[in-house]
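Trainee: Here's the feature list from TrEMBL:
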type: DOMAIN; residues: 296-359; note: domain 'MIR'
type: DOMAIN; residues: 370-427; note: domain 'MIR'
type: TRANSMEM; residues: 68-88; note: transmembrane segment
type: TRANSMEM; residues: 100-120; note: transmembrane segment
type: TRANSMEM; residues: 154-174; note: transmembrane segment
type: TRANSMEM; residues: 186-203; note: transmembrane segment
type: TRANSMEM; residues: 208-226; note: transmembrane segment
type: TRANSMEM; residues: 246-267; note: transmembrane segment
type: TRANSMEM; residues: 578-600; note: transmembrane segment
type: TRANSMEM; residues: 612-630; note: transmembrane segment
type: TRANSMEM; residues: 642-662; note: transmembrane segment
type: TRANSMEM; residues: 674-694; note: transmembrane segment
Amino acid sequence: MLGFLKEPVVVTAKINVNLVALTVMGLISRLWGLCYPRAVVFDEVYYGQFVSLYMKRIFFVDDSGPPLGHMLLALGGYLGGFDGNFLWNRIGADYTMNVPVWSLRLLPALAGALCVPLAYQILVELHFSHCAALGAALLILLENSLITQSRFMLLESILIFFILLAVLSYLKFFNLQKHSAFSGSWWFWLLLTGVACSCAVGVKYMGLFTYMLLLAIAGLHFWHMIGDQNLSNVSLLCHFLARGLALIIIPMGLYISFFYVHLALLYRSGPHDQIMTSAFQASLEGGLARITQGQPLEVAYGSQITLRNVLGKPMQCWLHSHTNTYPIRYENGRGSSHQQQVTCYPFKDVNNWWIVKDPGMQQLVVSNPPRPVRHGHIVQLVHGITTRYLNTHDVAAPLSPHSQEVSCYIDYNISMPAQNLWRVEIVNRESDTDVWKTILSEVRFVHVNTSAVLKASGLSGASLPEWGYRQLEVVGEKLSKGYHQSMVWNVEEHRYGKSQEQKEREVELHSPTQMDITKNLSFMAKFTELQWKILTLKNEDTEHKYSSSALDWITMDTNIAYWLHPTSGAQIHLLGNVATWASANAAALVYLCLSLWYLLRRRRKIYDIPEGAWQLWMSAGGICGGGWAVNYLPFFLMEKTLFLYHYLPALTFQILLIPVVLQHLSDHLCRSVLLKSMFSALVVAWFSSVYFVYSTFSPVTYGQPALSLTQLRALRWKDTWNILIRKQ
């Protein structure tokens with residue numbers, strides 16, 4: 001029974017020494033001196049703010065992309081015990097002792113290091129030689145710009161890691177297709193492709209470019225499978241469903257799950273709340289939730305309410321009035337109604353309160369039981385403090401002469417009767433009998449007499465002059481089909497009015513309500529709103545000292561100074577390896593020219609290379625050349641501030657193309673032994689130049705050792721490079 005113990009247990013394993021060595025070298029190049037400098041480096045000042053907010057569980061919105069990358073950076077802070085207490089306000093500021101610098105920079109550095117063995121594996125899976133694969137990995141290893149970008153609390157190295165992982169996983173899956181379809185390893189690599197694509201998109205939307213490329217390649221491969229007569233219809237259907245599940249359904253689910261974790265972590269109110277809807281704000285702990293907790297849910301006749309404009313940008317504002325009137329004549333000579341001003345005010349104020357009145361009754365209190373207001377009901381809105389009715393008429397608005405003036409009606413005993421009836425239209429209703437709800441309902445107010453819609457026009461234009469206290473204009477928008485968010489309002493604060501007397505009501509308007517009704521917003525509603533804000537909320541792009549155009553990247557005519565030591569000449573720059581960048585451009589040009597030449601010759605039935613070599617050439621070009629194109633060309637269509645680091649994903653694919661072209665030239669154009677020997681010698685000399693450039697610029701890649709003025713001037717190989725030289 002125990003006979004198996006008589007013989008030793010032997011475990012054999014194949015170890016790819018190349019892969020192990022490359023991984024070790026990648027780790028050394030990215031992790032060495034990771035804590036240096038112990039100061040804020042370039043965009044760490046930007047991402048660090050979000051890490052601190054994660055540590056404190058405070059909600060924020062970053063319009064640059066999804067939350068996965070930020071959460072991974074925050075994970076590093078969490079593992080290092082960071083408490084979030086640091087003021088991220090200046091590049092070059094020294095980190096305090098409570099900031100775990102090594103931990104915060106660890107995950108980007110690990111991602112950058114693992115890109116080296118991933119590059120090796122991709123070339124192997126493309127069926128190139130181990131020598132070519134080794135060359136690709138070493139080029140990634142010695143690329144100064146990739147080293148710099150991966151050694152700090154930045155997202156590009158994490159993005160590139162997931163992009164390369166997605167490409168490698170798909171290639172492994174595809175290579176298993178013929179002999180091991182639907183096996184465990186086949187499923188593993190297919191599912192990992194979808195997961196890696198989702199993670200790439202979750203880090204930055206730039207990951208979508210590679211995701212679309214892989215979907216296109218997968219679609220092309222499946223198209224070829226359809227023509228395979230050896231596959232049954234059932235088998236084709238299974239292949240289609242497997243790819244749809246792994247490459248579309250699972251990535252979408254994962255992407256949504258990133259937001260689920262993000263929102264679960266950030267449950268406290270913060271400085272970014274104001275751009276979200278009232279319902280979203282009320283779901284956060286503190287802030288608006290403290291004000292709205294326990295408010296009545298259903299708006300009834302007699303309700304006291306504040307009305308917040310749904311647009312919320314460039315600032316939030318509430319429907320507001322005060323005792324001042326419109327001037328009899330404006331500066332341009334136009335006349336006004338001289339009625340009480342109505343504005344949109346960007347601060348909470350007692351003059352933001354309004355009372356919902358039934359036009360057929362005089363009372364301004366809620367009856368027992370309350371009579372809820374429904375979609376389509378006619379109401380009057382009475383200003384709580386001045387008790388004047390919200391009104392509009394055929395008088396031009398002060399700043400928008402094509403729209404109607406909105407006022408609170410004052411009876412001057414002239415031929416201008418009150419027109420103060422408004423129809424409530426619930427925009428997000430589920431049925432035409434929906435009740436108007438606090439926070440949840442988004443409503444339009446349509447003027448009964450003129451069909452004008454109440455609109456906060458000042459959110460897209462200038463503020464009122466001094467006579468209007470620089471507040472935002474509110475108008476009646478005529479002939480409005482559909483709706484814009486500036487025409488939509490929601491009840492933010494709400495109480496059931498109890499006092500009919502004005503003085504008692506004023507006291508009531510200053511007092512919080514305490515009725516126990518809760519308003520919960522579902523995760524999908526919060527996800528949809530947050531996703532929409534990320535996609536549509538764009539900060540004004542301003543010219544930056546180190547911004548550049550996409551054309552500047554190809555020839556590396558630009559650089560970015562990331563950090564400068566306050567006293568010595570030590571500095572860090574995002575600056576690429578000139579030899580590698582020039583070689584990558586040359587490889588892309590050679591690949592394009594050779595491909596066109598081969599295509600023309602093949603059209604004439606002349607086959608210069610074997611069919612297998614042609615397929616290999618085209619597949620490598622689809623991955624490497626296609627990866628460069630989809631990650632680079634879209635930037636010519638973008639209207640945003642661009643920086644050199646935006647080119648790094650495209651550069652990575654272009655670098656992979658270099659050994660592809662070199663091996664092809666060696667195998668198919670160098671036909672004699674002498675030519676092959678000469679070509680090999682040239683490759684060795686060229687690679688030596690790559691290492692020489694890496695070594696020359698390593699002081700400004702790692703920030704040490706500090707260089708003298710003469711050495712710094714010697715590094716300025718191009719006049720357009722901004723190498724920082726202190727004046728003596």
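Here the Cβ of each residue, glycine as well, is placed from N, Cα and C on the backbone.
Bear in mind that TrEMBL entries carry predicted annotations, made automatically and left uncurated.
The structure displayed is predicted, hence computed values, not measured ones.
Locate each feature and note its surroundings.
Mentor: Helix, strand and coil counts from DSSP across the domain 'MIR' (370-427) read 0 helix, 26 strand, 32 coil.
Tertiary proximity for the transmembrane segment (100-120) is limited to same-chain residues at least six positions away from its ends with a CB under 8 Å from its CB atoms, namely 18-19, 22-23, 25-27, 29-31, 34-35, 38, 48, 51, 72-73, 75-77, 79-82, 133-134, 136-137, 139-141, 146-147, 149-155, 157-158, 160-161, 164-165, 168, 652, 655-656.
Long-range contacts of the transmembrane segment (186-203) within the same chain, counting only residues at least 6 positions beyond its ends with a Cβ under 8 Å from a Cβ of the stretch, are 65-69, 72, 155, 158-159, 162-163, 165-166, 169-170, 172-173, 176-177, 180, 210-211, 214, 242-243, 246-248, 250-252, 254-255, 258.
Tertiary neighbourhood of the transmembrane segment (246-267): same-chain residues 53-54, 57-60, 66-68, 70-71, 187, 190-191, 193-195, 197-199, 201-202, 211, 214-215, 218, 284-285, 523, 526-527, 530-531, selected by CB-CB distance under 8 Å and a gap of 6+ residues from either end.
Panel annotation: around the transmembrane segment (674-694), residues 135, 138-139, 142-144, 577-580, 583, 662, 665-666, 701 of the same chain, lying at least six beyond its termini, place a Cβ under 8 Å from a Cβ of the stretch.
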Trainee: Under 8 Å, at least three CB pairs between the transmembrane segment (578-600) and the transmembrane segment (68-88) (pairs 6 or more apart)?
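Mentor: The transmembrane segment (68-88) and the transmembrane segment (578-600): touching, no.
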Trainee: Short question: which residues 6 or more past the ends of the transmembrane segment (208-226) have a Cβ under 8 Å from it?
Mentor: 163, 166-167, 170, 174, 177, 193, 197, 200-201, 236, 239-240, 243, 247-248, 251, 622-623, 626-627, 630-631, 634, 649
Trainee: Sequence-remote contacts (6 or more beyond its ends) of the transmembrane segment (68-88), Cβ cut-off under 8 Å?
Mentor: 40, 44-56, 62, 95-96, 98-100, 102-108, 153, 155, 158-159, 199, 202-204, 258, 261-262, 265
Trainee: Sort out the residues at least 6 away from either end of the transmembrane segment (154-174), same chain, that have Cβ-Cβ distances under 8 Å to it, and list them.
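Mentor: Beyond its ends, the transmembrane segment (154-174) has Cβ neighbours at 42-44, 47, 69, 72-73, 107-109, 111-112, 114-115, 118-119, 121-122, 125-126, 146, 185-186, 189-190, 192-193, 196-197, 199-200, 203-204, 206-207, 210-211, 214, 217-218, 221, 623, 627, 645, 648-649, 652.
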